[in-house]
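Novice: Pasting in a structure now, in structure tokens, and then I'll have a few things to ask.
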Amino acid sequence: MWGTIQGFRPVPPATPADHLWDGPVCHLQPPPGLSVGLGSMVPSGQVAEKVASKEPGPGREPRSWRCLVLFLCFYGFMAQMRPGESFITPYLLGPDKNFTREQVTNEVIPVLSYSYLVVLVPVFLLTDYLRYKPVLVLQGLSYVSVWLLLLLGHSVLHMQLMEVCYSVTMAARIAYSSYIFSLVHPARYQRMASYSRTAVLLGVFTSSVLGQLLVTVGRMSFSMLNYISLAFLNFSLVLALFLRRPKRSLFFNRSAPARGASPSELDQMHPAPDQPVRGKLGRALGACRDSFLAHMLWELVGSARRPQLRLWSLWWVSNSAGYYLIVYYVHVLWNEVCPTASSTQVYNGAADAASTLLGAITSFAAGFVNIRWALWSKVVIASILAVQAGLVFLMTSTQDIWLCYAAFVLFRGAYQFLVPIATFQIASSLSKELCALVFGVNTFLATILKTTITLIVSDKRGLGLPVRCQFLIYCVYFLVLSVIYFLGAGLDGLRHCQRDRHQPLPLAQELRSPSEEKPVRLPSVEQGLGGLQPSAPPLPLEDSAEDGLGTLGPGAKA
């Protein structure tokens, strides 16, 4: 499910399923940092100042605000308390369920990709239409259904239905990361994003460590561990029922602007027509044309021409697809590398806890990387992809379970290192109200790519390959992506060198030799500063604009 990169501050990392819109206001821009997902938003310019000026002073309301945020963060922590999740695969392959490795790999797990593709967009829209809380309750019910099917189901069909319910919980993560912004003023958005993601990461880490301790030290069976997980999930469902339902959201429940408030950017760019449209068809077409979503889609088409947006969106789509394929199937690979029947010798929880901790550390460290991203982005992406390809190959070829664990921890840390950088680079290329839509489109395209690969490689109706062969294909996948980005970086370097070599000198310098040049005299006080002339031509427009993508926020161009 994150220092400074030219003004970028980190918040903890987010998974691609967490990249969402934020609902309470329409003037949105991403904070200088993120977690996994579609990005935390803050209002821009005049609106931020206006709302910040109306923040309540000390008294009863701030105490109520703090209690609501604390309760929501506690809910986010408890919703992650699933100590049996790291051990689901050995539980299915063990004597409790006795499924074969082929059934789990080629029949059960592929359903997760298919069902997630189906439910992603409806849950995305329902979250906004129903104003968050009902979707959080739906997520809690789906989690309870997952563990009931896991404990009581005995057939492949039951496990496939379990994967369908789990896909609903993944899609519904959008509700939690969006809900918290309905509780606070826009001036506090960045801090709240940090609090909410910290609660989630702390819950994942605590859950993994607790599960490993119960299995290794307490010698608890996988079945009992799943009953404990079910108890935690029932408690988190009860907590969700007491959450307050907000009154506003981004798309479907947009409140009318207050008197004296400035209109949104999209309203200014697409003003309503002066003359009303007559007729039912005309009114329907006019409503579609003037709808908020239609304006956003229109602006998205225009924004797609920006090179940094295309570059990092391509990375988001391609790398997220490969990353989640590795995450889905790595537990099956661990079981093949170390097929032990003793639960005390399974350290999946420790590996998940270590990878979560390293992901948080690398995401935070990414905030301190200060380079010219417009020039070096492709080199950095290609290098990280090459490292990921090597780590996947190591997982595929090794017979040492500890080496396989270490390779996965490093693989996950490498991916999480680029997530906040990509989030900031994409958001800095957009107008404020397009951030949520772009991250949603990127997540949807990544899901389509992941589903296509699953259907071809993993599903029994496709190639139905064993897990080691799948990981070998994923290794080639990351390697091909790395080569593509290295080639792109090489071509950019050649164009940059040719542009510098053939850049014409100013006419005055071409006609004079160095010996004929006269020293520049500063103007007198009577002449003023207007007497100074530039000694060299300005940078080309595309160069200055390209460099500015790394330093200017979305609101800087307004």
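The backbone N, Cα and C atoms fix where each Cβ goes, glycine too.
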Novice: Out of 134-154, 281-301, which range is noted as transmembrane segment by TrEMBL?
Specialist: 134-154
Novice: Short question: which residues 6 or more past the ends of the transmembrane segment (375-395) have a Cβ under 8 Å from it?
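Specialist: Those are 308, 311-312, 315, 319, 322, 326, 330, 333, 403-404, 407-408, 410-411, 414-415, 417-418, 421, 425, 471-472, 474-476, 478-479, 481-486, 488-489, 492, 496, in sequence order.
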Novice: Under a criterion of three or more Cβ pairs within a distance under 8 Å and sequence separation of at least 6, are the transmembrane segment (346-368) and the transmembrane segment (434-456) in contact?
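Specialist: Checked: the transmembrane segment (346-368) vs the transmembrane segment (434-456), no contact.
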Novice: Considering only Cβ pairs within less than 8 angstroms, which of the stretches 108-127, 199-218, 314-334, 434-456, 471-491 has the most against the transmembrane segment (401-422)?
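Specialist: Out of the listed stretches, 314-334 contacts the transmembrane segment (401-422) most.
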